[in-house]
Every structure is written in C-alpha cells, then in structure tokens.
C-alpha cells in the first residue's frame, strides 16, 4: 500500500489491488494496466502488416489498431477483463482477488484466451470469476453485485457467506464521506486545508498577502500569510510552477523543527527541497533530491527519472508500477518490445541505475515475467542466411519468444521468454518451439557430411510429414546417414542408415560398407557382384583365398554379411566353385593336428578339408558337396573320407577320456584280429575299466564294467570294479579300499560321504551290485573296521528348504552328549526354529521345531527366539525383520510391523520369548528399529467412523518421520500421533496447531468434543470475539448459571476457560453479566451453603458466596473481579465482610489433615486467645502444622510440615524432628530407624541407611532439623548406628556400567570393616574405597597392595588411550609372555610399522617399553615377528617403505626403506631385532648382502652429498656391467671429470675423477676425457675442447702454453691417461695444433 503525502489522496488503480496518490482536486489519475497481462499474437495479416497493425494508405505505413475501441472485432477480452490498448497489441486485465477478498488465501485471476474468462488456477479446483476458493471448493463472491455505497469498498467473508463495506474515508452519521479537503480544496494561492474534527467541513489557514497587511501574529511568506511561528524559507519566484509539479510543505526532519518546502513531479518522479535549516544554500537539489533530505515526503515517492526524455524514443515503452521490491512504492520500467530490451529504476535502490538493456526478470516480476527476452546482442541473428523472428513458441507463458534459423542448413536457436539463459544453437530441439520448428527440416549438425566423397541433399524421404529431410551419402562405400524431420533430429544413423528410412534416396544404393577397410588385408579379395537377389543392384562380396572364408552384403538385406561362412546359395556367381570355408583360420592347426586337402570321393570333383589328430585318432572332414555346417569332429566315420581315414584306430571319445586322476590309458592289441591297436582304460584305484576295439563301430567302450573276455590280456585276475559315479569325490564322497572282514580275504570297497556320514559298502564276497551296498545308511556291522565311531548319517532332505520354503542352516558340531562324536543340528534363521540329531541316540528323534537349548548348548545358547508359529508375522501389510534391537544381549530379535497402521510387535531374545507386546510395542523395546518408525496406531478403529479422515504425513516435528493425523471434517475435531513423541497421546479432540502446523494452520478451532455445548440451558454460538485474527470463534453459555466458555481461534484451541471465561475474551457477549458459577457443583454437598449477596465490592451487583459450615471453609466470586478466583477454601474476611467477619479460620482444604500414614487432627487453644486452633500431627513422621486464629497471616499460614514447637508448646515441646522425605527411606535396601544418637536432648533422632551403597543420613532432634547430612553423614553424628558401616559410595553411578563389577571385601587395612572394590573386567582397571580412608578411590592405580586379596592375581590395568592410535592392535596374551607370574599380559602392536609395547603383569605396570619393546619381553608373542620401526622412520621426502623377507635366514619379513631418487637405503633385519640392535638400519648405504632379495635388483645407494658440487649432475642408466641393473654416473659439465657407482660392484668405489670408459661404455664412449685435477689451470695456459679428428667424433681436450707453445692433449679415443706434455705431436690433434704451428 502506498502511503499518502500531504495534499494527496488515495485513488483505486484500474485492474489492480493497489492504490496510488493523486493531487487533491485533480481530475486525472495515473494508472498501470500492465499487471500480469495476457498478450494476443497471430500470423501476419493479408495487408502485409504484423498482427495488431493495419495499413494506412495516407501515411504509407502500418499504424496501430485500437483493439479496445467500442465495437472493435479484435477485442478478445470478454465481458469481465478490462481491455487496454498497447502499441501493436492489447492486454486483457482481470479483476484481482484481493480487490474484494477479506481472507488470507493468495490466489490470482489470469485471463484464459480460449474461454475469454478470468480463471484462478493457482490451486485445485480452478475457479472462474466471480468465484473464489474456500475449503477446497469454489464459492460465489458476494461483492460481485456491488452492494456497497459511494466511497465504500466491498470486502467478502473468507467463505463467501457474507460481506462488509469498508469506508475509503470516514463515516459521518452512518454515511461514508471522503476528506472535505479533497472534495472541496482551499483556493489558491497555496492555502493550507484542514479537515474539521467531525469531517463536516474544512478550514483554510493563511490568506493571500499580495498588497494586503497580514493579521497580527502573521507574516507574509511567498505570497501567503503564515503564522509568525512559521520560519520556513521564502519560495523563489516561479518555484514549483511547472506542468504537473506539486508543492508540499512539511518538516523534513532536518533538526530545526520548522516546516520545509518540497516540490515533485509525479509524471517523472523528479523532485526538489528547500530546507528551512539552510535557506541560504542556494540549492534545491533539483531534479534528484535524495530521499534522506526529506524522508517524510520523499520516502514513498518513485525514483526521479534520469532525464525527462528517458525511455521516450520511438519503439520504447515507459511504465510506472510497483515491481514488488518490498517497499510498496511504484517503480519505473522501460521496455523495447522490438528487441526485448528492458530496464528498471527501483524506488528501493535509486542509485543502482536502470540496468539497461538486460534487467533481470526478478527485478520486476509483475512486468518482466510476461515480456520477451532481451536479445543478448544486436548481432545475435546477423549473418548470411540467418533469419530472425518473434513469435510465441508455446512454452506456457503466453509471451513472444525469439527464433533465429539459417535458410540453407536450417541450424537454429531460440530464446524462450520462460528461460532467457540459453539459445540452444545450432540444433534447438523441435519441442522448444513447435509452432516454428515443427514445419522445418532438421538442422544440420556442425561439420556434418563434410568428409571426402560425402554428398548431402535435402529431399522428402517419404516419412509422412511433407517436410524435407537431410541425407548424406559416401559414393565409394555407399555409407550413408539421414536426419528425418519426424524424429528428434539427434540421431542420423551413420554409417548404415536403413533404406526404409529414405527409400527415394537409398533404394538404388548398394549396402553401406560396415567400415572403410572392410575386406582389406592379406588373402582378402573384395568385389562387386550381382548375386541375383536384386537384378538392378550390385552386392559386396569378400573372399579369403587361403581359407575359403567368405561373406556377402546383399543389397536386399544389409544387416548381415554372413562372414566367414556365407552359404553358396547367397551368391552362386561368386561361391559355387569354392571349397567349404574353414570354420576359423587356425582350424586343424596345432600339436598332433594334420590338415589336408583331399578328394574324399563325395562326387563333386572339388577338394575337401580333412583333419586328423594323430595322438587321439580324432578326425573331421568338411565335404564341399555338403552345406559345410558339420565337420563331424572328432569322430567322423571312415566312410565319409576313406582316402584319409582307413587304417586309423577308433577316435578317443574325448580329450579327457581316461585322463582322470588314477586313470591309465593304453594302446593294446586285444586280439580282436583287426590287426589294429585298441584303446584300453583302467582305473586301478577302483578297478573300473573300458576298451574301444578298433574292429567295432567305436561307439561303446563298455566302461566301467568291461567284461574280461573283451581284452583277456589286460583284464584277467582283476577285482570287481567300483560302479561309475558310485562314490564321487566331487560330491564329498570318499572311497575306501580295505578288507571289511567279510571272510574272503579280498579287499572290499566302502564309500563314505565326508560331510553327511552317508555310506555304502561293496563286499567282494557279495554280488558287487550297488543295490546291496546299503546306501545311504549302511550299518556299522557291514564294515566294522571303518564304520565304527562314525556319526549318524544325515537323512535326505532333513535340513533342506524346498521351493519357496524358508531357508535353513545345517551345522555339524559335537553337542556335548558324551560320545565324543559330532551331531547334526538344523536351524531356520528366518524363524529361529531348530532340531538336532544326536549320535548318542538312535538318530530317529530330532525335537523339531523347538529343540531345547540343553540338547546342544554349544549351538543353542545365546541364539534367537524361535518364532512361535509360522504365521506369527504373515498377512497383507505385515513386514518381518531380524535385527538386534539393542536389548543388551548382542543377539538378533524378531520385529513385525504392520505397514498400513504402524502397529508392531517384538520378540526379544533377552526375554523368555513368550510376550510380543502387540500391537503397540514401546519404542524402548527396540530403539534400533522403532526410533525411526511411524507411531503404531493404538487400535484398528483409531480413525474410523462417519466423517473421520486418516492421513499419514510429516507434521514438521523435526524427526523427518511420518505422523498419523485424524480429522473430523464436520466439526474440525482432530488428533495426531507424533512419531517424535512416545506415541501414547493423540490429543483428541483438540490437537494443537503447533503439533501439526502443516495440516492445522489457518483453520478454525476444532470443537473439543461432540457434547461440548449440549444439554438443557446451553447455547452454542459461532462468532468473531474480536481477537484480531478475523476467524470465527466458539462460545457456549449456560443460561441458568451464567457459566460460559469460549474457544478463540487466535489461541491454541486447547483452553475454553470453562466455566468462567473472562469478559475480556469476548466482551460483546460477556460484559455487564453476573459472574458465572465456576462449575455446577461449585457449592453443592453436605454442609455447603450458597448465598447470592452483595459483598460490598462497589459494583452494586450480587456476588456468589459459598460456606462449609462444619469446617468454616469458604469461597467467594466477586462480580467486580474477573470472576476467575473464588479464594477457596480460605477466602479472606476482607473479601466479604458481611459474611466472613467474626468467623473462625476455615480449614485450608478438606484433606488438610487426612494424609495416608495416620494424620491426627486436634482442635485446641494453642495461643491462649480463647478461640480454638487447628493442630495436625503425624506420629510416624512427626509432620505437624497449626492454624492459629490469632495469626497475623489471617488464617493463611499453617507452618507445615514442620511447625515450630513454640506455636503450640502444650502439645509439641517433646516432639522429634519432622521426617520430610515420606517413604524415600523404604524398601529392601533401606533401613530407617528412630534412635537416640546420643546428642544430649533425650529425644529420638531419625537415621536412614542405604545398604547397597552405604549412603546414610541423620536428623538430630537437637539440631534445627534442616540438615540430614545425606549420603556421607559422619559416623560421629550417630555412632550407635553408623560405627560398623563401610564407606559411602562417592556417587550413585560409581562402578556402574558395562564390564564394571562392584564388590565388597575386607582388604586388610586393619579396621575389620568391609571395603568397596570396583573392577573393569575387560581392561583390568580397578579402584578401592578403603573404610579406613573414604576420601579417595584409587581408580586406575596399578598398586596391588591396596587390596591384595582381590588384586594380587590380576593383570595390569589398561591405561586410557594406551592402544587406540590408528593401526594399533590390542591383544590380551592368554598364554602369558613368559614373565613367570602365570597372569596374562597386555600387548599392543602396529602391523603397519611393527612398533609394539606391552604391560607385564609381573612388573609395577609403569613401563610399556614403547615403541620398540624387546622381543625377549614377550617371546611367546614376538618371536618370528617383524622388527618395530623407530618413530618417524622412513618418512623423509622421497622415501618409500617396503616389507619384505631380505633372505637373512629367519623366514620373517624385514623393513626396507628406499629413496628412488638417490638409491640410498636402509634396512631393519628381524634376525637382528634386539633392544640394542633394532635401531641400527645401516643408513644411507645398506650393503646388498643385508637384503639380497631386495637390493640385488637396485642401483647402488649414493653417498651423502655425492655429486652435489657446482657444475656436477647425476644420471641413472645401465652402464652395461652385465647385471641389467641401473648404475649411477656423475659428470662435471665443465671438466668432463666423472665418477660411476656400479651396481655389479661393491658400491663403495666411484673412481672419481677419471672413471675409465670401460666402467660405463654406454655413457663414457661418447664423452670427452675427464681432466685430471688441476690440469691446464695455470693462467699462462689455454684450455680448449675440440675434436682432434682422432676418428671417434668426440671432443678432445687441448692445453697450450701461450708463450712457449708447449702443449698437451687428452684424446677421447685413447685411454685418457697420457696427455703428451709438453711436446704433443701435431698429428695427435692436427685440427688444433697444425694451425698453431703455422702461426
């Protein structure tokens, strides 16, 4: 809402809910019709002008059509929306819901072009004006009929049932009137107008003083008489008299308290100010006076325009509207529709500029949300072939969009006004702009069809859309692609686009080659042949000459080349005279394989392929007269190719025939007279045998029971064979050969299944028939030597899950049944059900399904509950889960949840498995599962019945878990089960809004319950009590008693203030009424008397008084009060003197002296004032209280529960202290006593002792009775009771927790009293509270002498954080470290570094020997382990660590540290790992012999600082010293001096500075000689590097004496040891010495 400056009034803006300010008396008003406009666009008209324009012949150009002119056929706004003409178009502005709506619902009408109606579809269902939405339905707006009078605004009720008329001015005598100063302004010049207080007229201050004397007390200012108190500046001549400029006068807040002059032009926002505090400044800050100069006048103004002509050029549109920037003030916008450019001047930030030309949509959503995108640049769609258009692409915002496309390639882009961030160039999808792109060919991708020989063409492929399609064809390969306009244009099917995609272009083409070098290579021949499948088109043929492999791509079917075995019929012209193609190139190629081309006599005169494997007699043949599909491998019949196969043995049935473990394969002449050897197979281990007779058809080997007569020479005198497959090792069966003692002296066969103990016996004395072998339960008597002592055989299917059945687990374990033999156990994890077969039994009973734990304790102890029955958690919506609920036993539990209701149950393994807590198992029973689950519904009908609706939603209670909500729509009554609560309260029927704000906010209070206001005399009303929320409230009044209640919708709906709702809660209903009785029985019952009398409280209205005659208790309801307090039971006398004066004290309440435990009430005169007093005592606790009639507290103080003895000495002089803690010292572990502690008063005292903690306290009667000294009362306070007690525990949780054990024993500290001990069993940490000194518990102290009776045989206590670093492993060595005390020790190792430490129980536990504890400290654990690394070992830059056995003879890993960049190394040998030797790592040049397994293949390590001098550099290479290991070479760049460390040497000699060439020929042969030390360094000598032409093309060193020409030379072709000083012959270096000599 815009605030109104002085001299301005509010006026409605057409089509908007806002108001604007207009000059008082002006006939004009500015308005902005462009809020949420709906634009109409269409195609160009026939006259050539764009839609919205028409041709003007006189002007010879297109002019705007006024679509909104009366009777215009172009007006598409209908009867409701306002039509507003704009340049080239018109907008239809709908009425806004907020114009008349009085609720909080934020809807908005938009114009629907098709129906020409105003629709609010911001929610469902959509509503058509004049309807709006309430309670999920559309209701009529009662304001549509304009029922209000002049100057009134109609505002409808939220539910549409009513309306009220709001006055735009002020009501006078019931009539709405506007400001008199607005309707009848004061005359010029600049007289100030003031409305009368009653708005019945106005008065004008000041009068013209041109030529007239001003009255006394006035002076002339700017032509107007003003009071002398007016010190404002004189206006300059003609100041603020421009067109449309408005003058205002007000104090701008500049600190002088004087009015200032302001001038502003609403049409441009420009403004000026004359400050009275600075009239002489000579400036008025025109035209952009800052707001800060005059906040009262300027804060609510628009920004001043940068210049008057801002946004007035042709094609630009300037508007003034509130952009929604939060200040409620209009802003300036500028748009250029032709380019979509826009800018905005926000009144909330005038200094930010106008953000032209791409102001963000978010800066002014009301306008920019419905305008076209600004073009990114002026050349966005400029270039050869590019065309730019503006149209609505149908993206749902009804705003034009920018489209750009290329007229040759049809590449395109689009800027959608619904998303101006990207233009999708060059292949904008058709779906982005269907009106434009749906009729266009696909855009070509960049670089598409630009390969060698590729040709593109645009033509219609016949895909049904009559739009051109792109094709690309490579003529030499027939490869092709197509972009069909009917597809999404992203797939071009390159390189094998099917013909069917573009028949007009592709039908006459050969198949595309699958790739460019298809059928290119050795022995490959590619040709074009007409294979006869399509007489008009050639086909591709490929033949491999050496294998007869072939393929063909038929133009009638390009999907398959049939390579490498294309059928001859596919291309007879090419394939008819070819041999069969080899199945693959190396067919019949390999060891023992012989491939040949022979004519097998199959009648076609074409050679055939034959293949024979000589060692197996396998053979195959590919007959050219066949279809070449079958080679008959490996057992081709001899008749297929007699030429190749006659005279061969039978082919072996397979490669593995007679090759199994124990099989013996032989070639034997079995005497079948064929003259050819036969195959014989025997298996001595089981006697099985077979024979393939070459004289047979080779089909039967008679395995495994070949008759002896088939090959007598091989099978005579053999035992019975074991039947094949009878005892399969692969199945876990073990075959035994032994004499079972069956009396024939011949070995027998027995088969035993290892895993199941199933067995069978084949006795040689029997039939050898497997049917007689007794499988699977051969009795022990069949073979006592083997079967005695075996477990029972496992019955078939005994522990197997059938199809769809629940999985089971089988175990073989000794159940401890006394026979020492394993037993069978079967359990069902899904249900916990189980059974057992005990070998000590007769194996016939398995106790399914709930075998007792005692039958097999090793398996059944600590197992899950067995599910009570299979359908325990079955049915629709039930989900069964198995998890550990966190009940402390670390065993899984059963959880069952009914998903539709959240109801659940649980079987806890830590319980007796008999209770499942259905249907609302508490969250604490299974926190691991239930903490994140929805509450269980309390019962199935929790939300069932007429009008009740159940919902499952997250109420926003912070746990991100769904909650249950139940609502009765008719009354709004509701309840909720929050998953973040304990699920036990549903808050029916008045669940607070805060419980489920997502569901309950903005609704009327629910009626608390159906009978909330029912019964005789009750009246229920629904009215707005004026609580400020505009929502109706419930009131209920009981007419006979005036009792009342109210439910305010602005409250939390949980309080109705019954029966005494305060008047202020609903004053219109409750004022001037008698107080309501608080409740019906407010003064009912025996002995109660009710009176209605005026208590003299000054309001002249009767008051309610209620008195209980027997006790004097009383109460009063004063009508002059808020009726909420009745002062029961001890209403003060002053509240109602006529009734209460001269009365006895009332008892405070009925049970004032009636507590359980024997309260005794007495009436006696304690204060001797002649009036009885009340005394209440309790003999058990000595509670006492007294009400004295003479007490100044006016009967309000009873001094309980420990009234001083002096208040009633006659009764209390010998009383004990009051025991104030009730039964807090009771129960099995407590003893409360009354005993005289010997404190000298001869009165008993109270003591309390908690035996399980030794806590104690005492209340001494001789004290002030206010300190019990609880927990650790000193023994001296009550020696008769406390003298023999142990120390009191330091706190409740002392020694309470997992693994903590608390015990009492006499530690021998000399007082013969028990002491407290605490032991943490898993760490051996311990503490002790000695009764001889209770101040310290010695926790963590390892000193065993504190309590030797308990601590002597314990391990060292584990220090905190002792072994918790990353990588450390803590062990409790159970077989002791060998320290002689037979007590386990603590050991901590780091496997990554080998570091270790230990705490020996035989020591004082103070030294853990970290980090390199000696092996001898715990040989049982550390013998044979890797050495521990020293701290920070092998952590320098470049080092890397390895763990490897160096070969030092101990078979244990060693640590090796290497630096690859220098070869330096060190080693920690586990064979030398002692406390003293562990730190010797031989850095930096550990010898090879220390770790040959690792160092033999490594370069030498460099000595420290080796080759680090100036001019030196290091190289790593293999010098060719025969070990194939890199060597180090060091070279001096200037002198050629060199050194080498050879890995084949001892790495200790580097031969510096003149390492011989032979040491590293690969590197030194191409280098100059190294200079000897100080060679040619004298100042008279000249050193040069030159090739002396000695034939090696390597530079040589020459040295010449400048004055004598003496010279030397070091030839690289020599041995570099002789330099020929001082007369080196010219011939040694003619290239240098010849010129020197000539000179």
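Just so you know, glycine gets a Cβ as well, placed from its N, Cα and C.
TrEMBL does not curate its annotations; it predicts them automatically.
Fair warning: this is a prediction, and the values are worked out from it, not measured in the lab.
Annotated domain 'EGF-like' per TrEMBL: 139-177, in sequence order.
Under the heading disulfide bond, TrEMBL lists 148-165 (among others). Residues within less than 8 Å, Cβ to Cβ, of residue 165 (disulfide bond) and separated from it by at least 6 positions along the same chain comprise 147, 148, 149, 152, 153, 154, 155, 176.
Residues or ranges marked as disulfide bond in TrEMBL: 167-176 (among others).
With a cut-off of 8 Å between CB atoms and residues at least 6 apart in sequence, the same chain places 151, 152, 153, 176 near residue 167 (disulfide bond), listed in sequence order. A simple way to gauge crowding: the CB of residue 148 (disulfide bond) has 18 other CB atoms within 10 angstroms, across all the protein chains here. Counting residues of the domain 'EGF-like' (139-177) by DSSP class, helix then strand then coil, yields 4 helix, 18 strand, 17 coil. Within 10 Å of the Cβ of residue 176 (disulfide bond) there are 18 other Cβ atoms, across all protein chains.
Looking just at the domain 'EGF-like' (139-177), the mean pLDDT is 83.
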